[in-house]
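One structure below.
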Amino acid sequence: MPFDETFLREYRRKHPHLFPEEAQPSPPPAPAPPRDNGYPDEAAFQVAAVRELTALGWHVQESYKGSRRGGSVYMTVGWPDLVLYLPDGRRRLWFAELKQPGNKPSDDQLACHARLRAAGFRVVVAYTLAELLAAEQEERA
């Protein structure tokens, strides 16, 4: 029984590294960020995000908070705030960059995100917890 086009399209989206001959389109431009996400700063947003994602069963590896302003740390410049994986044997790994509304990823972050996407990983830039949890639902599917 052949697979239908919907199944194949979704399979290619989830496993782009298996189809290197197909050019991967750039992700669409992000919508304008909301004015407020309910958190006083990115660190508080990250604490809430980690709490929610771990409650949903994800293992979350956090990057250092405030590394640019807090002095030197041993971290790749531009590395996303969160590395997430689900211990279900399906090799799911994705990255999340958390931003306060009105802020944008730096050039170093955008370059790092592009390298990760070129390697077949998903990188999400989230301005609200709702955006992050919507991405989580897509990854879980």
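Each residue, glycine too, has its Cβ placed from N, Cα and C.
According to TrEMBL, the region 'Disordered' annotation covers 14-40. Annotation source TrEMBL lists compositional bias 'Pro residues' at 25-34. Summarising the annotation, TrEMBL assigns domain 'VRR-NUC' to 40-130.
Averaged across the domain 'VRR-NUC' (40-130), pLDDT for the predicted model comes to 89. Counting residue by residue with DSSP, the domain 'VRR-NUC' (40-130) contains 28 helix, 21 strand, 42 coil.
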